[in-house]
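Written below as C-alpha cells is the structure these notes are about.
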Amino acid sequence: MTKTEKKSFHQSLAEWKLFIYNPTSGEFLGRTSKSWGLILLFYLVFYGFLAALFTFTMWVMLQTLNDEVPKYRDQIPSPGLMVFPKPPTALDYTYSMSDPHTYKKFVEDLKNFLKPYSVEEQKNLTDCPGGALFHQEGPDYSACQFPVSLLQECSGVNDSNFGYSKGQPCVLVKMNRIIELVPDGAPYITCITKEENIANIVTYPDDGLIDLKYFPYYGKKRHVGYRQPLVAVQVIFGADATKKEVTIECQIDGTRNLKNKNERDKFLGRVSFKVIAHA
C-alpha cells in the first residue's frame, strides 16, 4: 500500500482557483450561472412569501384592535393606588427637617407634577358640576378641571415646601386610570397609621373624596387634557413627638365595585408607605 502523496501548495491553489471559477464549464463556486439564478430565485420567492405571510397576519391582527380602547380589559376589574413623589428607596420618605437638601427632590417633584393642575394650564378645560358621573358620547370628549386649591395645605400655594420643613409632609395618592370605569358609589381614600399617637393624618380634598365628575375616563387619545383626580395625604407629627416615624396605609372605600381586598393581590386598591422625619 502506498501512502497518499501530499499535495503541494501550488496544486491546492490551482484546485481552489478552479473551484472558484472553471473556465471550461463556466461554473462559479461549483454552479453555472443558470443554476445560481434558479437557486436565488427560489430563495427570493420563498422568503418573499414568508414576509408577505407575516405582514398579512399582522395586518389582520391589527384590524381587530382599537387604537383608542384596549380590546381586553377584563383582567383589570379594579384600580390600584399609587403615591407621589416616588421615594428613592421602596416607599420610604426619609428626610431631615433641618436639611433642605434631603427633601429638595420631593418638593421639586411635587411642583413639577402639579404644574398641569395650575389655573393657567386648565383654563381651556371644562368646569364640570360635581357629584355626578360625566358620561360623554363623543367623538369629542371634554376634560374636567381639577383645581389645585382642592389640595389645600398640600397644594404648594401657601407652603412651597409642602410641609416637609415643618414636619408635616404631603404625599399625593392617585388611583390608576381604567378606561370607562364607573364607580358604583362615591369613592374616597381613607388613610390610617399603623402606630398610635405618633401622627395625625389629614386628607385633601376633605374626607379624601374623589368626585364622580372625573368618571368615566375615555382613554389617553380620546380624552385629551384629562386631569386625574388626586388626594393629598398630610402627615402631621406632634411637636413633642420623640419618634417621628410612621407607616400609613391608604385604601379605596365607598363603592361596591372598587375593591381594596383580594387574596391574590394584597395591594389591590390600597398602598402603604412610611414617613421618617428627622430633626
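Cβ coordinates are placed from backbone N, Cα and C, and glycine is handled just like the others.
Over all protein chains present, the Cβ of Asn124 (N-linked glycosylation site) has 9 other Cβ atoms lying within 10 Å. Taken from Swiss-Prot, the feature N-linked glycosylation site applies to Asn124 (among others).
Swiss-Prot lists Asn158 (among others) with the feature N-linked glycosylation site, giving sequence analysis as the kind of evidence. Note: Asn158 (N-linked glycosylation site) has no non-local neighbours, i.e. no same-chain residues 6+ apart with C-beta under 8 A of its own C-beta.
Marked as region 'immunoglobulin-like' by Swiss-Prot on the basis of similarity to another entry: 186-279.
According to Swiss-Prot, the topological domain 'Cytoplasmic' annotation covers 1-35, on the basis of sequence analysis. For the topological domain 'Cytoplasmic' (1-35), the predicted model reports an average pLDDT of 72.
Here Swiss-Prot flags 57-279 as topological domain 'Extracellular'.
Same-chain residues lying 6+ beyond the ends of the transmembrane segment (36-56) with a Cβ under 8 Å from its Cβ atoms: 28. If you look up Swiss-Prot, you'll see 36-56 marked as transmembrane segment, on the strength of sequence analysis.
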Using DSSP three-state counts, the residues of the region 'immunoglobulin-like' (186-279) come to 6 helix, 44 strand, 44 coil
